[in-house]
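Report on the structure given below.
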Amino acid sequence: KLHSDLDKGVGSVKYTLSGDGAGTVFTIDETTGDIHAIRSLDREEKPFYTLRAQAVDVDTKKPLEPESEFIIKVQDINDNEPKFLDGPYVASVPEMSPVGAYVLQVKATDADDPTYGNSARVVYSILQGQPYFSIDPKTGVIRTALPNMDREVKEQYQVLIQAKDMGGQLGGLAGTTTVNITLTDVNDNPPRFPKSIFHLKVPESSLVGSAIGRIRAVDPDFGKNAEIEYNIVPGDGGNLFDITTDENTQEGVIKLKKPLDFETKKAYTFKVEASNLHLDHRFHSVGPFKDTATVKINVLDMDEPPVFSKPMYTMEVYEDTPVGTIIGAVTAQDLDAGSSSVRYFIDWKNDVDSYFTIDATEGTIATNELLDRESTAQYNFSIIASKVSNPLLTSKVNVIINVLDVNEFPPEISVPYETSVCENAKPGQVIQTVTAADKDLSPAGQRFSFRLSAEASNKPNFTVHDYRNNTAGIETRRNGYSRRQQELYFLPVVIEDSSYPVQSSTNTMTIRVCRCDSDGTILSCNVEAIFLPVGLSTGALIAILLCIVILLVIVVLYVALRRQKKKDTLMTSKEDIRDNVIHYDDEGGGEEDTQAFDIGALRNPKVIEDNKMRRDIKPDSLRFPRQRPPVEDNTDIRDFINQRLQENDVDPTAPPYDSLATYAYEGNGSVAESLSSIDSLTTEADQDYDYLSDWGPRFKILADMFGEEESYNPDKVT
């Protein structure tokens, strides 16, 4: 209520209100000054309002007093319940935790005024979740209330928490939230086999390394706490089997380490131990975290292939052994209960296997061809054995046959076969050490002996000294040798081996006499050196040889220049011939065309020189012009042309084309004179040219020319 001292109660004063909420939340009576709330207030929305009031004269509208400011404060009442802004909550705690183990802290918020009364004082309590958990009423910290809570018994817990204001007194407002608590796993349980004995049946044909069975120990823990390691306890059968852990299923996978054989042993028994990999020292007092079970494996009999008595067979045979000789045998047996017969055969892979045969029933191996150790020293092939009752069941074994050497080759001298001796050699001087080689496979300790042949033992030139270590020395037996008397000596050396039968050979060594200096260094072994004057130095010999070489070079160059000069002259002549041929090859318009070639050559017989060689081809040899007797009858041109035609047809040096030199003239002083109609002394009417058509296609043009002129002659009477 507002009141001014100037207000006498006669209605002359008017009260006004302005500020927060004026007219909307609060209103004022203009006459009395009473302030009223026109709607409900919420402290949590706005805790106070600042207003201004003034008294105004009703008549003059002028303020009677200065404007005054005042605050209206909203007084709190408990109208808001506590709220868990972060709820619902999720928490976890390890299983087997002690009482009072911290789990989680919850917090509730009350919007009421904490400074006024108990409206905002919150107290926490558990409505659901006892007796497993407890909560601090003031702080909201949740803790375990029971010891040894086991995850394997119960893993999930849902706890309902209440927050109540007014200090928890009657009439206070309350809010709730849910806390989901999970017990995390610890390794508090050892693995356990569900049964003490596991029975497995395994075929004896199982492959080494294959899985033959699975066993499993149960661990109620989770994750890495449930990881199990399996081990075979040393004992019966432990060396034949192995066990590993399947990481996905935590099962023990039993694998085969060695092959099984029903006929050898039908059953195996061993123990398997299962233990945890990750142990928790807090639970050692509970007991050992492992368990043991017995595994019994029964081996099942299977139809198996035959088994050879050895993993590999090695045999020996001498070369050149007669065909059909038995050199050994292989043996295979069927070890199954119902023993079956076995058949043998060679596993053919190449032609080498055809050198041997095998008896299908007995397994004996014999030679099928003659063997040669020098060609092939060892044979390697496979023998296959199969059961008669089941031919598909086979086994294979390798057979190695070594071919033994027979002493069939004599020893021979190793290189060199040629040596030299100095002219000034002394008696007993070793000029060459020789060794021997044998194509046979020499056994250890074989010895070779060396000696001279019988015919050479009596000659006083050289001897052979056997050193008894498979070498020998060629020694001189005389004082000095002369190349002028004998340049070469041939020494037959006999070599014998120590094998049986003894083989020997005679090898001829060539010994050349050479000129040496006083130290025994060879100066010359050439035959020509014998005839050189004594005392001629090596430098003089080289100078003489150089002079000879220079003279030979000069002679060769001189001959080459002469040949080149002749060749150039011949090429010049050939070029002239080519020019004439080019002119002659031009085809003109007939006899009336005299511009294509020099017609004077046909009219002047003097142009052709006597005894001149043909220049249109390369002559093979000098050929003189053949002289023919003149034709007695000037009109008998037919015989003359036939003779020349025959000569040129059979002449191998004639070119394959007509030549002016061939058909132009008979020669100087010819009775027939020129064959051409040019400057002819006789008239055409006196000649009959019908015979030209009988000479063949070569004279067809000539026959047509004379035939036409004859038919065109106007003086001829038909």
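Cβ coordinates come from backbone N, Cα and C, glycine included.
The domain 'Cadherin' feature in TrEMBL is assigned to 4-84 (among others).
According to DSSP, the domain 'Cadherin' (85-193) comprises 3 helix, 45 strand, 61 coil. The annotation domain 'Cadherin' is assigned in TrEMBL to 85-193 (among others).
Secondary structure of the domain 'Cadherin' (194-308), assigned with DSSP and counted as helix (H, G, I), strand (E, B) and coil, comes to 10 helix, 54 strand, 51 coil. Under the heading domain 'Cadherin', TrEMBL lists 194-308 (among others).
TrEMBL lists 309-413 (among others) with the feature domain 'Cadherin'.
Confidence for the domain 'Cadherin' (413-531), expressed as mean pLDDT, is 84. Positions annotated as domain 'Cadherin' by TrEMBL: 413-531 (among others).
According to TrEMBL, the transmembrane segment annotation covers 530-561.
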